[in-house]
Each structure stands twice: as C-alpha cells, then as structure tokens.
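Structure record follows, encoded as structure tokens.
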Amino acid sequence: MSRYGLQQLYINGAYVDSTGNDTFDAVNPANGDIIACIQSATAADVDRAVSAATAGQKVWAAMTAMERSRILRRAVDILRERNDELALLETHDTGKPLSETRTVDIVTGADVLEYYAGLIPMLEGQQIPLRDTSFVYTRREPLGVVAGIGAWNYPIQIALWKSAPALAAGNAMIFKPSEVTSLTALKLAEIYTEAGLPAGVFNVLTGTGKSVGQALTTHPGIAKVSFTGGIASGKTVMANAAGSTLKDVTMELGGKSPLIIFDDADLDKAADIAMMANFFSSGQVCTNGTRVFVPKALQAQFEEKILACVQRIRAGDPTDESVNFGPLVSFPHRESVLRYIESGKREGARVLVGGEPMTDGDYAQGAYVAPTVFTDCRDDMKIVRKEIFGPVMSILTYQDEDEVIRRANDSEYGLAAGIVTRDLNRAHRVIHQLEAGICWINTWGESPAEMPVGGYKHSGVGRENGVTTLEHYTQIKSIQVELGEFRSVF
C-alpha cells in the first residue's frame with residue numbers, strides 16, 4: 001500500500017468514486033516512490049460536479065457577506081493549524097524542500113484566502129442619480145460556477161489563489177489540479193467543508209488536461225475558467241472557452257523574465273537577488289528571472305559572486321529542514337530540463353557551474369539536476385528564448401541602458417522583470433519601459449495577496465490577487481428606477 005493510498009474525487013462536499021476505471025500514480029520525485037493512486041475523472045463526473053456546484057452556488061450566494069466571510073476565515077484558521085501536515089504532503093508530492101513548503105506554500109495561500117475573506121463586505125454597487133425622479137443603481141453579482149485549472153509547481157497555493165476570490169464573490173468552483181501534483185488540492189476541499197462551506201461550492205476533479213480539462217473548458221454550465229500553465233495549453237483553453245459559451249478567462253502562462261543589473265548596483269545584493277530569481281524551488285517558478293543582464297565591465301566580478309553563492313546551496317532529501325534545494329517535480333521534467341542544458345552547450349554558452357544531473361549517492365533515485373549557470377549567452381540561444389522551468393541561469397552582457405531595455409523586451413513573454421540599481425530615477429525610468437506585468441526593484445519574487453499579478457503579451461490574460469481580481473469574478477447588473485411619470489412616444 002502506498003503512503004497516501006487511493007485518492008477519490010471530491011464532489012458535493014464528500015469523496016466519491018470516479019464513474020470510470022482509470023487511475024494514475026503520484027510519485028515522490030526525491031526517490032521515485034509511488035505515494036498514492038489517484039482516480040481519473042470522466043466527462044460524466046464533470047457533469048456531476050457542475051450539477052452539485054450549480055445547486056451549492058445558489059445556497060452560497062444567498063448567504064450574507066459576513067456569513068461567507070466567517071466561513072472562509074475558519075478555513076484560514078484550519079489551514080494554519082494544519083500547516084506542517086500539509087507542508088509535508090506537498091513536499092512528498094512535489095519534491096520541494098520542507099523548509100520551503102512550511103514557510104511559503106500554505107502560509108501564502110492562507111494569506112490570500114484571509115485577504116479575500118476580508119474584502120467580501122466591500123463588494124458594493126453604485127447609486128447614480130440621473131434627474132430628480134430617476135436614478136440608476138448597480139449590483140455586483142457572482143458569475144455562477146467557475147473552473148480553476150492548476151499547475152504543478154505550487155499546487156495548494158494556486159488552488160487558493162483561484163478559489164479565494166471566486167468563493168469570496170459568491171461563486172462555486174470546480175478545481176482540476178495538475179495530474180503531477182494533485183494531493184493537497186483534495187485536502188483543501190476537506191478543509192473548506194470542515195469550515196462550513198456548503199456542499200458543492202468547492203469540488204476537485206483529478207485527471208489529465210486532455211480529458212478533465214477539455215470537459216471543463218467546453219462545459220456549458222461553467223461561466224469562467226482560470227488557468228495556469230503553458231502557452232500552447234492556454235491557447236487551447238481560450239479557444240475552448242470562446243467556442244463553447246464565450247466563457248471569461250484568466251490565464252497565467254509563464255515567462256522568460258529579465259533581471260537587469262546596472263553598473264551602480266551593489267553586486268553582493270545583485271548576486272543574492274539573481275540566486276533567488278533562478279534557484280528558489282529548484283527554478284520551478286513562473287516569474288523566475290532567468291535572463292540575467294550584467295554590464296560587460298562587471299561580468300567577471302559578478303560571475304565570481306554567483307559562484308560563491310552557489311556554494312551555499314544545500315541540496316538533499318527535501319524532508320531534511322536544512323536542505324534548501326530539492327529535486328525537480330518529476331522524472332520526465334528532469335529530462336526536459338537536461339535537454340535544454342545540452343542545447344545550451346551545443347549553441348556555445350559556457351557552463352560556469354553545474355550542467356549535469358545529480359546521480360551520486362543520495363541523489364541516485366531522485367529527479368535532481370545540479371544548479372546550472374551559463375555565461376557568454378546570446379539572445380538567439382534556445383536557453384535564452386524558451387522557458388526551461390528548472391535551475392538554469394543565463395548570464396548576458398550589455399553596453400548601455402537603451403540596448404538592455406530593447407533586449408529585455410525582445411521576448412514573446414512578459415510576465416515579470418526586475419532591476420538592481422542605487423539610482424531611483426533610473427529605476428523608475430527603466431521599469432516603466434519594460435514590457436512585463438510584475439516588476440521588482442532591488443528585490444525579486446514576492447507576490448503578496450494585495451498585489452495584482454499577471455503577464456503582458458503571451459504570458460497571460462487578466463490578473464490574480466488584489467482587489468481587481470475579485471471584481472472579475474462578478475458581473476455588474478444595472479437597474480434604472482423611475483419615480484415619476486413614464487411617457488411613451490406612442
């Protein structure tokens with residue numbers, strides 16, 4: 001028997017068996033152990049979930065704002081009480097270090113839920129006077145049933161980022177986690193039910209994008225899809241949403257983000273920022289600053305500092321709390337990252353450190369790749385153009401500000417960007433010219449609940465977090481009231 005046993009679907013407030021017979025395994029990427037057997041949902045299960053969500057949403061939306069807020073706040077309390085248990089499950093499922101999952105994944109997800117629980121009472125309409133005898137008022141009403149489709153890198157955090165604003169606005173959600181990391185989304189469903197969420201308001205359907213995702217994005221009973229994943233899949237989701245019932249969509253589709261270090265920067269700080277922007281979570285972060293631009297005159301000095309920082313990486317068993325660098329999420333993904341590394345070598349980039357799988361001793365059974373830094377990179381290289389989603393930094397040199405801005409923007413992506421400088425005027429001047437939705441000055445990576453996040457260009461549509469996201473889970477109804485006479489032209 002695997003550690004976590006058989007995992008069912010979660011529909012209408014309870015675990016239920018799939019109507020089909022297909023299952024798939026959850027694998028611990030640190031050692032290759034099968035930790036759970038997970039049932040795959042079918043199109044019939046999607047129908048069941050939509051029916052349950054439709055009924056549950058009516059109950060949920062009829063509650064007062066304060067009633068909904070209290071239930072979501074209870075869920076926040078339970079998440080925090082169970083933080084260590086959920087963090088260990090996330091570590092087993094994703095390979096992320098326990099030092100990370102205990103302090104980031106559940107913590108930041110709970111913060112977002114608490115933020116939206118507090119915003120529920122502010123979902124207000126407007127009153128617009130027209131004349132003495134007539135006025136208009138507006139109502140913000142929920143969309144109904146919405147779907148969330150998650151990525152594998154931040155399973156429970158993404159489930160919370162998507163469900164928190166949706167539920168706060170009075171909607172019901174059907175959530176499909178990535179088939180690579182499905183386990184904590186199911187636990188979140190349990191927690192919502194324990195907190196008092198009506199049956200059917202949050203459902204979890206496990207399975208592949210081609211089956212479950214396809215059925216969700218084309219289902220006529222779903223009003224909106226929020227998706228996190230790759231560009232190709234995002235285009236499919238958007239086409240399905242438009243081709244079925246003109247569903248609203250929110251998408252976060254990844255990036256190849258630039259980090260620009262200017263000649264006045266504190267290079268020790270710049271190196272620390274570059275390390276966080278490339279090797280946190282073993283490089284599996286959508287916003288990673290993998291294109292690191294350094295003035296040509298500072299290249300050698302910066303490389304020395306990066307090499308010193310790499311020595312502080314502590315790879316190993318992710319359940320060891322002294323470890324800060326774990327395996328990649330899966331063995332197939334490790335092979336994908338290694339192919340990118342080999343392409344970098346073939347195209348002439350110089351390996352400063354790493355560039356190989358980690359296969360000795362304790363690493364032999366896991367999906368480990370050594371932290372890798374390429375230098376002498378060119379803009380046309382595959383490792384510079386494509387999202388690798390692994391621990392691979394590319395160092396590029398530049399001569400002047402105009403050049404680096406142009407090259408930083410020369411990408412189909414536009415998710416994030418950052419600069420390191422002591423010059424406040426330059427900081428704002430450059431940031432305002434960078435084509436990215438999330439920008440950092442002298443820092444990297446923080447995405448607090450209050451901050452809207454999302455991309456330009458092919459990196460996404462819409463935003464997550466912040467007040468604006470809550471508004472996009474509602475629709476505005478306008479009502480005109482006439483207190484005086486009505487005169488017909490007929």
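Every residue, even glycine, has its Cβ placed from backbone N, Cα and C.
Keep in mind the model is a prediction, meaning the values are calculated, not measured.
Together with GLY150, ALA151, TRP152, LYS176, PRO177, SER178, GLU179, GLY230, ILE231, ALA232, SER233, CYS286, GLU387, the NAD(+) site in Swiss-Prot holds one more listed residue from GLY125, GLY254, GLY361, GLY366, which is GLY254. Considering only the recorded positions ASP93, LYS162, ASP248, CYS286, GLU464, no residue lies within 10 A of ILE231 (NAD(+) binding site) on a C-alpha to C-alpha basis.
In this structure, of the recorded positions ASP93, GLU179, GLU464, the smallest number of CB atoms within 10 A of the CB marks GLU179. In this structure, the CA atom of GLU464 (active site, charge relay system) is 8 Å away from the CA atom of LYS162 (active site, charge relay system). For the NAD(+) site listed in the record, the two most distant Cα atoms among GLY150, ALA151, TRP152, LYS176, PRO177, SER178, GLU179, GLY230, ILE231, ALA232, SER233, GLY254, CYS286, GLU387 lie 23 Å apart. Long-range neighbours of GLY150 (NAD(+) binding site) (same chain, six or more residues apart, CB within less than 8 Å of its CB): ILE158, ALA159, LYS162, PHE175, LYS176, PRO177, SER178, ALA185, THR228.
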